[in-house]
Protein chains: 2
Amino acid sequence: MSTRIAICCPGKPLRRARADKVAALAAEEFPEVALEFHEQCFVEDGHFAGDDATRLAAFLECANDPDIDAIWFGMGGYGSNRIARAAIGGLKAAAGGKDYLGYSDTGTLLGALYREGIGRPAHGPLVGDIRREGGDEVIRRAMRYLTGASTPDDLEPNLDDRPAAAFNLMTLAMLVGTEFMPDLTDHVLLVEEVGEHLYAVDRLMFHVTEHVRGIAGLRLGRVSAVPENDRPFGTDEIAIARDWCARTGVPYLGRADIGHDAANKIVPFGLAGRDLRA
Amino acid sequence: MSTRIAICCPGKPLRRARADKVAALAAEEFPEVALEFHEQCFVEDGHFAGDDATRLAAFLECANDPDIDAIWFGMGGYGSNRIARAAIGGLKAAAGGKDYLGYSDTGTLLGALYREGIGRPAHGPLVGDIRREGGDEVIRRAMRYLTGASTPDDLEPNLDDRPAAAFNLMTLAMLVGTEFMPDLTDHVLLVEEVGEHLYAVDRLMFHVTEHVRGIAGLRLGRVSAVPENDRPFGTDEIAIARDWCARTGVPYLGRADIGHDAANKIVPFGLAGRDLRA
């Protein structure tokens with residue numbers, strides 16, 4: 001049976017050359033898959049892949065199409081929070097049967113979908129990850145997942161019998177306490193970060209751990225591309241995570257194999273999406 | 001009557017040359033003031049002015065000293081959130097009779113003090129602002145305030161008959177929803193930012209406006225030193241503030257004369273601190 005995957009960009013645009021590369025790989029290796037790039041992916045409007053109305057309309061067209069099986073976000077960037085309220089409000093029944101895959105800024109939409117019990121959101125590669133070294137394998141991982149053919153290596157290795165959720169730390173910090181934040185009580189929470197100073201990571205961990213006291217525990221993905229600061233922070237990201245977990249009574253469960261990189265494994269939200277694929 | 005002002009640094013250290021310059025100005029122009037620099041101001045430990053225990057102890061020594069009239073924070077930086085719980089928990093009755101002055105990262109402590117009804121927190125210059133062009137006048141503004149001799153120009157000009165509170169936007173975004181966040185219902189909220197991309201300002205405004213629905217309105221201070229991005233955001237900080245206010249039903253009240261600069265006016269929290277001084 002063929003799988004139809006629609007691609008849209010709730011934040012920043014996808015470069016057409018990257019889309020073409022993913023389309024070529026898909027045609028070669030996943031001939032049973034129809035990859036449908038919404039033209040909105042390539043719109044440029046200031047910071048965004050089109051203004052809010054354009055990005056919203058594309059998301060709703062894809063999500064509400066009963067012939068589409070999965071929404072794969074093209075890029076992160078910034079902006080999914082700007083359309084989240086209208087996006088959730090505009091979803092119809094057809095949106096519920098789908099997979100939704102992405103990470104980074106798109107975590108806002110994934111979180112909101114999970115909160116509302118709509119579809120099967122999962123934290124994992126974006127289409128634009130084709131640009132990374134090893135990008136072909138990243139795309140294969142995502143496409144195996146979206147076609148129900150995941151190998152055990154495709155999923156985060158530390159998933160257990162508890163529900164899970166994964167987020168970029170900054171995205172989560174901006175999500176907590178808002179109308180889009182899902183209830184993560186008893187969940188294992190996985191976080192990753194990129195491009196932030198360690199003092200900012202410390203500050204984000206303070207904020208997030210204050211908000212998620214009822215979680216089963218926290219796992220730390222990779223914290224990469226930390227900028228050079230005018231003075232060293234004094235500890236590393238593991239000590240930071242352990243510290244804030246200890247301060248707020250959240251169990252620190254160790255590392256997670258997620259991050260802004262080619263190794264970024266897939267974390268289906270909740271308990272769904274594992275038995276079918278692993 | 002003489003005023004005794006104690007200076008400590010809950011985040012990063014103060015350079016001794018800057019402290020000396022402020023001490024000299026105070027001796028010359030405010031002979032009735034005793035400025036007491038806690039030695040902790042000059043400690044360096046990684047990112048911080050001493051480890052958490054050192055910064056906490058200094059704050060508590062100053063705040064719990066019944067002979068001290070005011071706490072003036074030496075520098076912002078990052079770190080006041082790391083000692084906030086123990087700081088609030090360790091305050092004694094003597095802490096209640098004092099002014100507390102600072103901004104930027106120290107807003108976490110100011111907010112927590114305001115939440116607990118301890119003392120008279122105010123958003124205004126730090127000792128380290130002596131380094132700015134026009135720094136002498138910044139220091140005079142702060143010292144006039146702390147000695148009950150403010151001129152009308154020293155206070156934020158838009159204060160009205162409603163209670164107010166002011167914060168650095170990032171500091172506030174990390175404070176909302178935590179155990180330290182004061183109830184700002186019916187308050188005019190003033191925010192300012194420095195050194196953040198406009199997309200980050202937009203993201204912070206999303207988060208903050210989601211959390212402070214019951215405020216009387218929002219005023220926007222200066223958003224300065226915005227880094228160059230790889231693409232323009234598309235709007236400015238005023239449009240950003242107006243947009244998020246409109247989305248969340250918060251009245252946008254216009255600009256505020258606060259910011260990471262020499263013009264930064266003083267905003268006493270609540271309704272206190274105006275009649276005495278203006």
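Glycine too: its Cβ is placed from the backbone N, Cα and C atoms.
According to TrEMBL, the features are:
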- A:5-118: domain 'LD-carboxypeptidase N-terminal' (DOMAIN)
- A:168-271: domain 'LD-carboxypeptidase C-terminal' (DOMAIN)
Helix, strand, coil: count each for the residues of the domain 'LD-carboxypeptidase N-terminal' (A:5-118), based on DSSP.
58 helix, 19 strand, 37 coil
According to DSSP, how is the domain 'LD-carboxypeptidase C-terminal' (A:168-271) divided among helix, strand and coil residues?
33 helix, 24 strand, 47 coil
Given the model, what does the mean pLDDT over the domain 'LD-carboxypeptidase N-terminal' (A:5-118) come out as?
98
